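If you look up TrEMBL, you'll see 21-148, 168-302 marked as domain 'EamA'. Residues or ranges marked as transmembrane segment by TrEMBL: 14-36, 48-69, 75-96, 108-126, 132-151, 163-182, 188-211, 232-252, 258-278, 285-303.
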Amino acid sequence: MAILYQKRQKSKEVWIFMATTGFWLIIISALAHVMWNAFLKSTRDKTSAIAIMMLITVVVLVIYTAALGEMDHVFNLPVMLTALASGFFFFLYQFFVAKSYANGDLSAVYPLTVTGPIYIPLWGYLFLDERISLIGFVGIVIILYGAVSIQANCLSFSRWRRIGATGGASFALLAAFFYSFGAVADKVGVTVGVVSAYTLNVCVFMLILHMGWMVWSRSGGNFLREIRLQPWVLLAGGFTLAISILTFRYGLQDVPASYATALRQVSSLFSILIGFFIFRETFGITRVLATALIIMGVVLIRMG
């Protein structure tokens with residue numbers, strides 16, 4: 001009995017350590033995520049810049065995966081199919097993020113792009129036969145309230161009609177919508193495959209989609225101009241994007257998807273700080289309170 005108890009205690013300690021490690025990996029991912037968004041904001045042609053940063057990310061991940069000796073896991077069919085689904089949804093996420101930045105301030109639209117966790121309980125209800133608790137429902141309502149308040153820059157319902165005046169809000173919310181599907185695919189991907197190989201697959205598929213869009217839209221000239229004008233910004237953005245993508249998926253191994261996506265929303269606070277100190281964007285107490293509401297809401301979703 002004593003031996004059995006010791007084994008259970010050891011197993012519990014290992015789980016706590018893994019959960020703690022996952023917690024900090026996702027915090028690091030959140031910081032890196034908003035940093036690459038800040039680099040993206042400073043570029044001229046956002047669509048071209050994302051494609052270039054993704055190319056750099058793929059190079060970084062190829063080197064990383066090869067260094068670990070895990071390249072043989074890249075061509076695993078289940079991993080590739082899951083990565084294709086994830087890459088498609090995250091391509092749509094990045095595409096609409098770029099569109100939202102072209103129409104609004106970083107500190108205003110970025111928190112809207114990370115409201116994806118409000119959809120994940122719904123996908124669980126529809127596809128996984130899960131039920132949303134009352135606490136989870138309250139969390140969803142609070143997130144929606146905070147998200148709309150950021151865009152309208154007002155906590156009053158009577159003044160929310162202004163939200164439809166700009167395109168940034170709709171693009172940002174579309175980005176969050178597609179992100180939620182990608183997060184679900186990611187949880188499956190890190191479960192069935194090796195994280196480094198799976199993540200590399202995701203980024204390769206995203207890069208292919210970005211390049212395909214550039215060919216379709218005939219944006220090759222903008223692509224080359226961005227490289228010529230801001231090579232160091234693009235390099236830094238690609239490197240931080242690689243860190244964000246990789247650390248999140250390592251953290252996702254040890255943390256439930258709903259918790260991981262909720263925890264990552266601390267990036268909203270980072271975006272406010274970067275928007276203020278780097279881009280000199282103005283904001284008032286309303287946006288600060290609304291961002292806090294978003295964080296409160298995702299915590300309630302996790303509790304539910």
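Just so it is clear, glycine is given a Cβ too, placed from its N, Cα and C backbone atoms.
Note: TrEMBL annotation is automatic and uncurated.
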Task: Highest-contact recorded stretch vs the transmembrane segment (285-303), from 188-211, 232-252, 258-278, CB pairs under 8 Å - done: 258-278
TODO: Take the transmembrane segment (188-211) and find every residue of the same chain, 6 or more past its ends, with a Cβ under 8 Å from one of its Cβ atoms.
DONE: 47, 50-51, 54-55, 57-58, 61-62, 64-65, 68, 70-71, 73-74, 76, 78-80, 82-84, 86-88, 90-91, 94, 242, 245-246, 249-250, 252-253
- [ ] Averaged across the domain 'EamA' (168-302), what pLDDT does the model get? Just tell me the whole number, please.
- [x] 83
- [ ] With DSSP as the reference, give the number of residues of the domain 'EamA' (168-302) in helix, strand and coil.
- [x] 121 helix, 0 strand, 14 coil
